């Protein structure tokens, strides 16, 4: 059986190609850095050091990648079932808002109830926000792209424009601060934790600059769960069948509706978790601007990760690193516009590589025998 | 060096390598001027690759091509056309809303000023069609004429561009028996006028009927070139497959039992909401094969989809063992021990991006032992798959290979393996051997007969008349959505069926509609 080694080989080739396209993007980026009076070498070393230069940097890269991994997963799962979820942004907002409200509204719950309750409530509402277009698609053939875009607008209106104003208690455009009992564990507080503080190297985390919180590990868990769902369960088999070939799936007696609604509900819940984490772990309240376009960046993360849950983790970390390292680049004197431009170039080349690979696959098929 | 003077084309030691496949491996092909040369081989033997090299679409990795004694290097089809090489593709390259004349002159239009010179164009087209007996209506639009006529337009188009050597890629695949006869008349008249023809096919009967010489390819190699007169069909089949092949279906007299399946006054609409199946009534008994003969597009696809739960039944009944299943969905019907080989294996029958083991359980994937409590049991699936691909001899990379990487024949065997392994009592086989090589056809036919002999009822739909005739016990002829006649297979022939298929009433009368 050399299928196994074939698989590993093709994964390594994929990784190598992705790295190559990042290198090409950085080379093209030098042209723009020359527009400033800085040296590209300095700029890129700042990017690298900012993202991976020390323990805090790595931790914060992972922190920034957390919502992106989750929205990436929220796009990737429906993609495998043949659906294009543009609505992660709205699902994230709905989830985050719900968690924020639950987080401050209940004032006397113990943490072991309050936090899970806030997380689950946020995921559930996000799930509804994804499941609704799934339902419309399955039952009335409403195109999911249109439905999810419209629901994004409604979510923005409901949460940011309307919701915040109902609850806000200060001049800040945000809901009130959540109770401590609903807050996610932040690793910088590790030394206060009765068990985690005993772990070896725990003190490494105890740095005030570290913003990594527990949601990163929930994101990893979500990726594993989705991987299992897609590749190990019967429902996942059916979802993938519908995604690859709806006619073939119909012939196989597969009820596409079930897969469509489930995939969209789960993806909404996962996008909701991205919002939940930002509210309960990063900002401690639902605030205007906290979504930062994660829902849309998630589309790029999903595509770069080849819509495979494990690939999405890597894609999310790449974007997290660009965001985190980009800050350091700015500190080193590169204008923020150039920093954004380089981030965009990396995304562009990695995405172009995907297109190139699809093209290669097509050519190979065409060049095949008869 | 080219071999002799009377060879118009000499391809020597042609090699073409695609990633992982030697599509052509030192292939030799010599064509005499003025002959009809059949190029035969199974799917994947390298016929199309070879012709694409000749037509300038591929560049060979090795070997030489001589045309009329000169070594040629083609950069693209335009070079081939200028040399006088023309190709009639299997899928026509015509513009539907344009007229016959406009299509023929497209790309080489006679002009008056900026406009197409309609008069000259029409005159030139008429000259060619008169000369070769290719009668077409120059003013008709392509979308309004039959497939046979469209093929003539393609032929005239190549002649208009000055073709001396015409390549036909499986030209009979889309034609009715009458149209095939007419095509062969055209071949003969082209030959009389000194044209040379390369005829790609895998239908041995046609090879015997029309060709002068035959070159056989197998696994990318040229096996032999023979004079048609010196060989039998069986000889050619053996050269193609590399072993002896049974061309005639061996079957005993059917022993039909009780009725297992019937449709009563069935009406079904097509995708455009136009009635496609009109008041059809049919019945199939246990242990018999009912064949449905008809030119494609006369309602067969809609009929099959309706009775397999893939299309709504407008009115009428579908009875299985006396139970009305017209409202059942595909899954429910499968659970009634109904197997279905769909007409389009790429669209329906397989998920091409799934691997073999995922495909071989499609439709049964939620049943034990493949799935338990919603979790796939891929270990069980793997064992099951290995058993079946051994038993049904599905070749092409093992169970982890994607279905799209299999040849057409192996894809079809995969479907047959899946559908026949759940002990079906009623079997619907739609175009079961379309685009499948000789060896696999033999195998699939044998499997269908085996099922019948095990007491299953079989409904066979095929555009291949010889297949319907050799497999069926009874034959229903469908024309424009209606059953024209039901005949005993032993009491009819291709002529009669061919006539019925095009709408003329049977002179013999045959068995009356049940």
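Numbers here mean position along the shown chain, with the first residue as 1.
From the backbone N, Cα and C atoms, a Cβ is placed for every residue, glycine too.
TrEMBL annotations: computationally assigned, not manually curated.
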For the feature transmembrane segment as recorded in TrEMBL, pick the matching range from A:100-125, A:178-203. A:100-125
For the transmembrane segment (A:260-280), what are the same-chain contacts with Cβ under 8 Å, counting residues 6+ beyond its ends? 66-68, 70-71, 73-75, 77-78, 80-81, 83, 85, 87-89, 91-100, 103, 115, 118-119, 122-131, 133-135, 137-138, 144, 178, 182-184, 213, 215, 218-219, 222, 226, 229, 235, 239, 242, 286, 290-291, 294-295, 298
For the transmembrane segment (A:145-167), find every same-chain residue at least 6 residues outside the stretch whose CB is under 8 Å from a CB in it, and list them. 84-87, 89-91, 93-94, 96-97, 101, 104, 129-130, 132-133, 136-137, 173-176, 286-288, 295
Residues outside the transmembrane segment (A:100-125) whose C-beta sits under 8 Å from one of its C-beta atoms, at least 6 past its ends, are 94, 163, 167, 175-184, 218, 269-270, 272-273, 275-276, 279-280, 284-286
